[in-house]
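Novice: I have a structure here, written as structure tokens, and I will follow up with some questions on it.
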């Protein structure tokens, strides 16, 4: 989908030329891409629609994950023949023709475990292996074992795993880190990108691109050999995110690429399909029907693209925070995504240099420098004093402060003075008694107040430390860890998200109940434990008093969350 091209001719910019040269390198590892596995809504057609619409299962993901016991075409033919017969029982038909996903066994930790011991004991519990899957299974096979988040999430998720891997590395499980990098490289080789998760219904989109950072993490243990080994896959993923750029004129967008009027190249989230998500079928149809003024396909695409962002859902994507049907993810240029693209370009430059290709390294450096200028020009709100997303419809930077604003600091793309302003904004508007707020908006969506998420806590902590803002960074870690510890002390589990307006309470909102496990919370908790406790005195639980600032820590904001961005 392209927006109209401007009438005046545009000069070929330096940056697309660089991209052409970078893409030329991809020919060396181009492989035959097999037939893409079809998602269950396509395989099963009206049967899938009917099962989901009558809400046969409380969680729509259940039937999306069910495995047909025979050829779906035969099952569908039987369904069409039987469905109008007297006494037809849809539930019985499904039970006969499908193998439903098993409920995971509830993990009961041994008595008296510390927080660290509990997490270390969870790694094998959350590890799965699926070298082979059934022919019509929505689950995609992976060559190596992998760690799942936990709860209803029975598969590996892209950006979740980076933060899980941080914890694995902290625990010395470098073999598991290597396995998961190998799995993601396999997906790039097989499908041309890393899907949202290893399910057929996730193949039409990706998630925040952390693969290059995963390779960089592995290189901490294996050295430049890891960078050289996975350079082809990093290049291929970059090509996926920049697909279509060679045909863009100023003011146009194509899939995941945006070319602004001055030819600045940035990226957005995008899903290649514009139908309801199989795992949230009924909810998406209801959302689309609730706004008859917009084409349903447009709403479906924006819902899917929000899922690609990892922030599903948030006022960040919505015109009206109380109405999900006003989300327009594809017309927003996200600050976190473009920070990650900058980091990918920097790591590609480093890997190319390690491989002895200095010319290609220079090309990637040129791309990274251009993107950094674009971030500073378009994704900084000078009036508010923080980084924010850019609105393609209004042609202005948005006003809303979110935790995504810390990503330029995390990847070292921020100007020093702006990083200092971000520290002030974070302390004033986002820091709460239980950690960092995702936004300051109460919308009922899970990526809004009062929820705090482990990956965003770590991005903020590490990003602020990168710019010497250690006090604010340590306070974020301290408040969040206290929340995690209090919840663990009471419930003996770690959860997906937390209510940061207090301590000791899991988060709420969103499309499904609170999940426990939980991969990225485990990983970030281990990193933070080792951050707040000195190496000579490591801690297995969160200390009773602030270990760095003994007396007056930075006080979190006590302001009420605002109803609108």
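For all residues, glycine too, the Cβ spot is worked out from N, Cα and C.
I grabbed these lines from Swiss-Prot:
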type: SIGNAL; residues: 1-30; note: signal peptide
type: BINDING; residues: 152, 159, 160, 196, 205, 206, 207, 277, 278, 279, 310, 511; note: substrate binding site
type: ACT_SITE; residues: 312; note: active site, proton donor/acceptor
type: ACT_SITE; residues: 496; note: active site, proton donor/acceptor
type: REGION; residues: 540-565; note: region 'Disordered'
type: COMPBIAS; residues: 548-565; note: compositional bias 'Polar residues'
Novice: Pop the Cα-Cα gap between residue 278 (substrate binding site) and residue 496 (active site, proton donor/acceptor) into the table, whole Å please.
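Specialist: Residue 278 (substrate binding site) has its Cα 22 Å from the Cα of residue 496 (active site, proton donor/acceptor).
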Novice: Near residue 310 (substrate binding site), which residues of its own chain have a C-beta under 8 A away, given they sit six or more steps off in sequence?
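Specialist: Correct list: 159, 207, 208.
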Novice: Could you tell me which three-state DSSP class residue 160 (substrate binding site) falls into?
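Specialist: Its secondary structure by DSSP: helix.
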Novice: Which of these recorded positions has the least crowded Cβ, counting other Cβ atoms within 10 Å: 160, 312, 496?
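Specialist: Relative to the other recorded positions in 160, 312, 496, 312 has the fewest Cβ atoms within 10 Å.
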Novice: Would you mind checking how many other C-beta atoms are within 10 angstroms of the C-beta on residue 205 (substrate binding site)?
Specialist: 24
Novice: Same-chain residues six or more away whose CB lies under 8 A from the CB of residue 278 (substrate binding site)?
Specialist: 39, 40, 41, 48, 52, 60, 64, 138, 201
